[in-house]
Amino acid sequence: MASWGLSGVTGDAATSLASDPFYEICCYAAGIAGNLFAFVLFISPMPTFKRILQNQSTEQFSGLPYIYSLLNCLICMWYGLPFVSYGVVLVVTVNSIGAAFQLAYISLFIAHADKQRKLKMGGLLIGVFCLFALIVYVSLAFFDHPTRMTLVGYLSVVSLISMFASPLLVINLVIKTKSVEFMPFYLSLATFLMSISFFAYGLLLHDFFIYIPNGIGTILGVVQLMLYAYYSQRSGDNYRLPLLA
């Protein structure tokens, strides 16, 4: 079952796990669930870009989150490929799809931004591809397979953990305002479900570089849901927020 990427298991243990149909089904289910919940997150900026297209302007929206997300998806996609790990297929699929979405969002942002923002976003986009190309080149040219997997694995963990800045900012905002107005329930739920799915996927594969960052994401997701339950009841808010707010 090399396609699942038994990166942390070797020898007879790997052979035993690979031959277990129930284990294979569990891996597949966890990875597919993570992909589905991630897709909800990937399409969540669509209302923002619908507004940008309608107004033909990026207004005060920032394009930086999409730049960060693109870099994160590219690094994690590289980690999942057989050149680095042992072909963690469902990590590759989710991050390749995510990279395509982020690139589309960045392209739309640049197309409708003013001249100064066009130059800034264009420069950052080139920088992302140059940095990714450098990571690919260095990891292939100077490291053997096990060391390469460790190097890119740690880069993917750092990249994923840096992405948790956004949930932390939202949590801080909810506590300060004592309101869940800016924390849509279904988006928080999708984040939690995606994180816990990939946490389980990583555990089943014994892959430290998958289960550690997604374990942190799961904890943050639980905190968000608990805050939502607490402050929505306390304030009596009945926000009818859309799924993709």
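Each residue, glycine too, has its Cβ placed from N, Cα and C.
According to TrEMBL, the features are:
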type     : residues : note
TRANSMEM : 22-43    : transmembrane segment
TRANSMEM : 64-81    : transmembrane segment
TRANSMEM : 87-111   : transmembrane segment
TRANSMEM : 123-143  : transmembrane segment
TRANSMEM : 149-173  : transmembrane segment
TRANSMEM : 185-204  : transmembrane segment
TRANSMEM : 210-231  : transmembrane segment
Top partner of the transmembrane segment (87-111) among 22-43, 123-143, 185-204, 210-231 - counted as Cβ pairs under 8 Å: 22-43
Cβ-Cβ under 8 Å with the transmembrane segment (22-43): same-chain residues at least 6 beyond its ends: 1, 4, 89-91, 93-94, 97-98, 101, 186-187, 190-191, 193-194, 197-198, 200-201, 204-205, 243-244
Chain residues in Cβ proximity to the transmembrane segment (64-81) (below 8 Å; excluding those fewer than six residues from its ends, i.e. six or more beyond): 5, 45, 87-92, 95-96, 98-99, 102-103, 105-106, 109, 121, 124-125, 128, 131-132, 135-136, 139, 149, 152-153, 155-156, 159-160, 162-163, 166, 209
